[in-house]
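Here the structure is laid out as structure tokens; the discussion comes afterwards.
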């Protein structure tokens, strides 16, 4: 824009009307296009008392002092001028009317400079005015853009050209305004401190796309080839818009992740990476990376990019999904239940993607769910069979984890059918196997003796627990006659169960009773057969008379063993025998039956030949009854 600082013309005229002193007025600066002309308006004044007959004047170039011999632009007295101004300068004003307006034609760059006027009234009445005008020779129109152009807000851009040549008048037009929507153009002529300016106003609403747009103005002079163009680039301010950002990102745990955020704005934005309200990185830039080294599941989540400047802000988010194997499952729920209750067990874990969850027991799948982080196991009316160890397994394509847990079902005692009594000679052992939770108490009752023995009496009862099974063994000795009835009773806080224990191997007792008589008969028959064979064959004259003497043969005691797996080897203790006999001898029981016999094995030796004596093939057994 051209700024002129000289006083307005009307102020000079007022001052001149008062008269009485030397003075001049002209614009301090004036401009014109190269090749055109310019009219420099000028008025001067002098004291009224001088009253000259003729007034002359001189225009100098770049110096007001004649002593310096400055180039003469115009001289009214002699018409002698500097060669640079030959045919280019003439006076438009009437010096007698104190008008010193100068016209310069066919302007060229070397004519740009300071122009001074000197009044010549004759004699010593000559005066060079200090006021001067600076001529600027231009080649382009002046485009004025507001200091701040904001997108979306209407703006006015002006094109100004000097209009100080009375012979050539400029015509203005806009260039490159087609991409500015629907602009409007206004034109006017404006006086600016004695000079004239042709002005064209362009109104439009800029967009962010108009930033950097090259807008031009053209000044053309009709009937000539003179055209002058000027251009200006639009600096459109607009708020940020995020134009580049990652879409959802999937990364495996431990890998490197780089998130990019790019924004378009003017001026450049402040970019900020944030997560959960915490600033992770920020910088004034058009794009900003956020690098995450060895990502963990804790870094999984939503990341936000915020772009802002003085004209607004924008933000966008990106989801980072960290893929990882399931964590060790956690189990919440009932671990102890009473038989018949409903048990609810919740198994949960965390993984990405969600895992396949499975609950199984002893390789049998009880419940499973696909792509869920929780699995609920419902066991209605639990039974003792539900007691035991369970596993919750979580797996996805990145790994597998498992957790074991135990369910303890509490129930009343159950005496198993394998419970029984067994007798061997004078020893009776009773086995009572109880399934129970919690551990029960076990007692053996002998109704015929009116005696009850429990596991605290370790001389008679041995107990051992394995899991839910409790095995109790009652050992009775000195039972030569029929063994007594034995009832096993087990109880805990949930109930009581009793069972009369059946006897196994009862035929052994029968053989123990008839054994002495049968043995005598068997030996008698054996002797008869031997004698018959001896007399028949007459091969050998052998006289044998078998003799059975109690003193010749030691007692051989037959005591078959009855053992239960895990039972202690304490049955031969003398103290035990004494205690057991005292227990069984209560209430006037009959005395013990001591049966001693030796066993005869008729088939021990192989047959030699048909002449071998039967006595040589058989062993004998002595049976003694007391």
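Every residue gets a Cβ built from N, Cα and C, even glycine.
If you check Swiss-Prot, you get these features:
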- 65, 66, 67, 118, 124, 125, 126, 127, 128: ganglioside GT1b (d18:1(4E)) binding site (BINDING)
- 22-120: domain 'Ig-like V-type' (DOMAIN)
- 139-237: domain 'Ig-like C2-type 1' (DOMAIN)
- 241-325: domain 'Ig-like C2-type 2' (DOMAIN)
- 327-412: domain 'Ig-like C2-type 3' (DOMAIN)
- 413-508: domain 'Ig-like C2-type 4' (DOMAIN)
- 20-325: region 'Interaction with RTN4R and RTN4RL2' (REGION)
- 577-626: region 'Required for normal axon myelination in the central nervous system' (REGION)
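According to DSSP, residue 67 (ganglioside GT1b (d18:1(4E)) binding site) sits within a helical segment. Comparing the binding-site residues 65, 124 on other C-beta atoms within 10 angstroms of each C-beta gives the minimum for 124. Per DSSP, the secondary structure of the domain 'Ig-like C2-type 2' (241-325) breaks down as 3 helix, 60 strand, 22 coil. In this structure, of the binding-site residues 126, 128, the smallest number of CB atoms within 10 A of the CB marks 126. Across the annotated binding residues for ganglioside GT1b (d18:1(4E)) (65, 66, 67, 118, 124, 125, 126, 127, 128), the two most widely spaced Cα atoms sit 17 Å apart. DSSP classifies residue 128 (ganglioside GT1b (d18:1(4E)) binding site) as strand under the three-state reduction.
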